[in-house]
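Residues or ranges marked as active site, phosphoserine intermediate by Swiss-Prot: 81. For 28, 81, 471, 472, the entry in Swiss-Prot reads Mn(2+) 2 binding site. Per Swiss-Prot, substrate binding site is recorded for 140, 170, 171, 206, 213, 286, 287, 288, 289, 361, and the stated evidence type is similarity to another entry. The Mn(2+) 1 binding site annotation in Swiss-Prot covers 430, 434, 501 and rests on similarity to another entry.
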């Protein structure tokens, strides 16, 4: 903060002592919903979480993890791991990706910035390529934003536009890709009627083409590069609608894993490879699954796969995807400026911190928790440990994931006496839940519960405190439902599996031998959310939170 009166020093809490080890456990994708056969958390054997829920009602609360509570535009917007961990770590609610883009599009500000002026220089003689997820899921992108952007760029001089689509089926229903393609094709038809050469150029399923994250599998990005940039793919079609319908008809096909395809003209030539002088915009507002493509598009020194041909382009992201790497260096909408996170405060007040997860969620307990900031605040007081995730398989094949390894590292960190806070993310409920495999998700929830036990046992041994929470829902509801709550059926009378996050609240549980006996959850916060957790954790460490943080969830009763 710029004011001369600012201090990083946190005041002592008047009633809570310092010096207790605090374990912060985030169960990814672990919401609270009605118990039925499609609630994998309910079906699974989860004795530890059950005991927290049923043990002491004053030590268990549900908080909001979606919509306005995490900075998203409306309460119809599902939470996600990025905004969830931002809120958990920042202690305040910041306007997030989708909301920032909405504001910039509505005001026209998106067209005034350096990023747009940079790509605009290619409009006269080059092609504008838009690459991203074609979906209204609102987690990575939104169709209406693409529609507004197409209108805006065409009104501001873009003469030739190529859209490279990635089908969803993860944050929206499988099969919805066909409707999204039809909508986009109609919009492009209207642009062509106005003299703009606009069409879909390539496509593929999000989990198989382009949208890998945390450098788990560069082949995913390469398949996208080949189709989008080189105009080469194993499947060639005259239209995207034909492509999606044909590829979905293959055995076991689904939107998430459609193979890459390119659209070709009557001569069999790809209609939209990226060439020298073109402009490229990656339209997703969520960062994690765009970073790898951004590196391939922007870095001159790049050896993760053979790009074959590296066109001289003007590239901008919808947002900047990594603030520490300054990637991409150009972007259409500035990211939220998250300052004074709880992690930075606590480290500056002497709290030695250990953070751990496996690859798929490691960035969440570090980068996103710390306000979209890479690296340490103070390397002498922090240690971040990444357990490598399984690669080359879908997570339902090995639903235990690395929960045991994460828990053991957390246990060892607690028992070592070197750390005041041990923070972990257990990804099972979310990552396996996304596969839509109910049986595997039940196993995943059991594994996460067993991991929590290992950590809480260590808390018990060191006389510490625990706070167990989640970042959003997923595993607690695996089916699409009608307004009355009954599962929806498809045309073959089979339940429609839900692979996305949910709008459900998530738990916050506190306890441990080090917890002051008078601590209990307050009842005077009207709509508690994830952002209230940061002040709560600060209290557990014996500090008062900054005045502008969302209120703590706890109070101390006088005995």
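Including glycine, each Cβ sits where the backbone N, Cα and C put it.
Counting other Cβ atoms within 10 Å of each Cβ, the binding-site residues 28, 171, 430, 471 show the lowest value at 171. Checking Cα-Cα distances from residue 28 (Mn(2+) 2 binding site) against the binding-site residues (140, 213, 289) with a 10 Å cut-off leaves nothing; none qualify.
Taking Cα separation as the measure, residue 289 (substrate binding site) is nearest to 81 of the recorded positions 81, 430, 434, 472, 501.
When the binding-site residues 171, 213, 434 are screened for a Cα within 10 A of the Cα of residue 471 (Mn(2+) 2 binding site), none qualifies. Cα spacing between residue 287 (substrate binding site) and residue 472 (Mn(2+) 2 binding site): 17 Å, rounded to the nearest whole number. Looking only at the recorded positions 81, 140, 171, the one with its C-alpha closest to residue 430 (Mn(2+) 1 binding site) is 81. With respect to their backbone Cα atoms, residue 501 (Mn(2+) 1 binding site) and residue 213 (substrate binding site) stand 18 Å from each other. Taking CA atoms as the reference points, residue 171 (substrate binding site) and residue 434 (Mn(2+) 1 binding site) are 8 Å apart.
Between the alpha carbons (Cα) of the residue listed as 'active site, phosphoserine intermediate' and residue 140 (substrate binding site) lies a span of roughly 11 Å.
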